[in-house]
Amino acid sequence: MKTHVLFNLFATFLLADGLNIEVSVFDFSLQLQISHRFVFLILNFTRNVAPLLINTQLFTRFLSRISQDSAGQFFSSGHTNNWAVLVCTSRFWFNYRHVANTLSVYRSVKRLGIPDSHIVLMLADDMACNHRNPKPATVFSHKNMELNVYGDDVEVDYRGYEVTVENFLRVLTGRLPPSTPRSKRLLSDDRSNILIYLTGHGGNGFLKFQDSEEISNVELADAFEQMWQKRRYNELLFIIDTCQGASMYERFYSPNLMALASSQVGEDSLSHQPDLAIGVHLMDRYTFYLLEFLEDIHPASKANMNDLFKVCPKSQCVSTPGHRTDLFLRDPGSVLITDFFGSVRKVEITTEAIDLTDPIKEVEERYMHSYVDQLPVSEIIHQKPKQKDWHPPDGFILGLWTLILLVFFQTYGVKHLRHIF
């Protein structure tokens, strides 16, 4: 009887408090956070245990509350970390814009808080060091060379011929050799929100890598399913900027996955921002307007995915951008942009008051240590060697005069000695 009453109270409290609860069941404090996996738990509980313990009418009302169209507002992301996999699949100088696309997204996610340790950056060609680049060590995304997206702190994890279909799939599924360094791994888990961005040349159902191989939409869909089965993501956002990009997400079947593409099947994804000095287009249209939108996003922004879907209408992109949300469990309107482009920050909450006005206690002199002043490393590396004063070795002058006298005696004899003194 006690069990029956407790569970009835539990279900009633759920209905009253909007699924954000902290209750006591069997004298055990339980804090519950609703997520998609909790829904599966509830369904299993309904089938096996609930009929024995819970009033049927109350529990039915509880499940119907979850299944309402407005349930999206009750389901938060619940992720604890963010990752990004950014891939440029094109080589050669005339594909400069694809490298600029990827580096621009890289710049934005870093600005919004995702650290390099949680970004896997794959660039199929090094445009910054290309001999045709009039400005070495730079990659620009705006005409007139206004914005250098290469910068001084770019960490490229896969470069050149390392960018292959095999390596890309291994990164996603985690099937890498033990010798692979940490920086080249996607170390995500079931609480990770992952952004995957691809750009390059594609067609109906495929994306080319290095103009030598391609990945199909079926291979990509199966890789995402492996990630889901291995609990490598909580939610996944897939963005692709390529011709006929929508064909790449047609075969997706894994849950909690949202996809965006720059063009529909049968359409080309067009370039943007030609630069006469560099001699090529600097970006693609879809990514250009995507980055323009992201520039207005900050870590506390409330912009959601419905806003992202509108960033590049056909009047600007010429092609027709597409998106797919049927596999995603939450309402896109409740999904913040920062859920994927930003980073979760760990915050420690304390109830204790901390007085910051107390004077800092001085350390006793007997515990103070002094160190020899040293130059900073940068000055040590760039400083020029000092010119030292030259001093002849000991006895050198005496030996030199002795040699001069010997040569003089052999040549002129003693009678000419008076000319020296």
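Glycine is no exception: its Cβ is also placed from the backbone N, Cα and C atoms.
TrEMBL lists His201 with the feature active site. In the structure as shown, the Cβ atom of His201 (active site) sits within 10 Å of 17 other Cβ atoms.
Around the Cβ of Cys243 (active site, nucleophile), 21 further Cβ atoms fall within 10 Å across all displayed protein chains. Annotation comment: TrEMBL describes Cys243 as active site, nucleophile.
The signal peptide feature in TrEMBL is assigned to 1-18.
The transmembrane segment annotation in TrEMBL covers 395-414.
Separating the Cα atoms of His201 (active site) and Cys243 (active site, nucleophile) is a whole-number distance of 6 Å.
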